[in-house]
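Engineer: Structure provided below as structure tokens; questions to follow.
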Amino acid sequence: MTDSPVLALTKDLISRQSVTPEDAGCQDVMIARLEALGFTIERMVFEDTTNFWARRGTQAPLFAFAGHTDVVPAGKLEHWHTPPFEPTEKEGYLYGRGAADMKGSLAAMIVATERFIAEHPDHQGSIGFLITSDEEGPFINGTVRVVETLMARDENIDMCIVGEPSSTEVVGDVVKNGRRGSITGDLTVIGTQGHVAYPHLADNPVHKSLLAIHALATTEWDKGNEYFPPTSFQIPNVQAGTGASNVIPGEFHVQFNLRFSTELCNERIVERVTQTLDQHDLNYDLKWTYNGDPFLTDTGALLDAVVDAVDSVNQTKPALLTTGGTSDGRFIARMGGQVVELGPVNATIHKVNECVKIDDLEKLTDMYQKTLENLLA
């Protein structure tokens, strides 16, 4: 039996070993399909990252699909039931690295757009595609660079669906209408190394830091709001000492991360952390990594169109959530437009035996097409 268009394209993309930041020809496949629809293509290669911006139309509003062709490494091959880059159908599922994150979404976007344009060749507004090979990596030369390029020429996306795997049980049961911000601090508290038998000749930075670290860990940063939970402070890494049991360390390294809501901003977090550390009279060095601001699409035409599209396919409305990690939506939101995430079930993403339900690919395509119809028909 011949594969459906979305299944065939998903298989083609999975078969290309596009481990971040490699694209492995995935974007060439997508570009060929979009050029046939009359899209203008702009390839943007920054350092080791392949990106493209495609647009059909010149009028407002500008609606865009966004996604990534790169995938995480497959891991230990012996743990896979089937080769990760040989797409395999089994009991109604399609297995392969990237099936859910997010080559299935990319295929659904392309096929939905083909169907929409076939029915509405003179559609309203404009359709765009913002695609990168650097979402799973350091996110330095990917979507953020494309966004900066577009903003510099005042070409701003009004509405965007990011194809991240947002769903939990069935496709479309969750739409992410926002994400928390993320900021990481790398703290080094400086003491004086010495022998544990002579503590008066040393200055233990671990002991000096504990009260400050406890204060940060127990701080109520905010109460959250109707869209976001309270800000979370977590310590993923600590390091001190030489490994010897008789040496007081000279330095204590603590890495912490805050996932924060729209109730906070980077500047306020830095200010409060610095105040806490200074109150405990520490000699320290603190470096910050800004991973992204929170964003929220609480109302608007895009959200209405997506909710209606999901409801038309599933006969039930999706939950609107802001949970989970960061995504490239945080960069696109800088343009000031509406951004949501809608994609496959995320139960197997980044795992061995990653898979997507084949029927879900068809449903996701229908949801994307219906969204286009709601906005631009």
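Glycine is treated like the rest: Cβ placed from N, Cα and C.
According to Swiss-Prot, the record shows the following:
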BINDING   H68, D101, E164  Zn(2+) 1 binding site
ACT_SITE  D70  active site
BINDING   D101, E136, H350  Zn(2+) 2 binding site
ACT_SITE  E135  active site, proton acceptor
Engineer: Identify all same-chain residues not among D101, E136, H350 whose C-beta atom falls within 8 angstroms of the centroid of the Zn(2+) 2 site's C-beta atoms; report them in sequence order.
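Structural biologist: Apart from the listed residues, the neighbours are V71, V72, G98, M102, I349.
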Engineer: Measuring Cα to Cα, tell me the gap between H68 (Zn(2+) 1 binding site) and E135 (active site, proton acceptor) in whole angstrom.
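Structural biologist: About 6 Å separate the Cα atoms of these two residues.
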Engineer: Relative to the Cβ of D101 (Zn(2+) 1 binding site), which residues of the same chain, six or more apart in sequence, are found under 8 Å away?
Structural biologist: V71, V72, E164, P165, G343, P344, N346, I349, H350, E354
Engineer: Would you mind pulling the DSSP three-state label for E136 (Zn(2+) 2 binding site)?
Structural biologist: coil
Engineer: For the binding-site residues H68, H350, which one has the sparsest Cβ surroundings, going by other Cβ atoms within 10 Å?
Structural biologist: H350
Engineer: Determine, from DSSP, whether D101 (Zn(2+) 1 binding site) sits in helix, strand or coil.
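Structural biologist: Note: D101 (Zn(2+) 1 binding site) is helical by DSSP.
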Engineer: If you count Cβ atoms within 10 Å of each one, which of the recorded positions D70, E135, E136, E164 comes out on top?
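Structural biologist: Max Cβ neighbours within 10 Å, all protein chains included: E164.
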Engineer: Using DSSP, would you call H68 (Zn(2+) 1 binding site) helix, strand or coil?
Structural biologist: strand
Engineer: Could you state the whole-number distance in Å separating the C-alpha atoms of D70 (active site) and E135 (active site, proton acceptor)?
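Structural biologist: For D70 (active site) versus E135 (active site, proton acceptor), the Cα atoms are 7 Å apart.
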Engineer: Which are the residues of the chain, H68, D101, E164 excluded, whose CB is within 8 A of where the CB atoms of the Zn(2+) 1 site average out, their centroid?
Structural biologist: G67, M102, S105, E135, E136, V162, G163, P165, S327, G343, I349
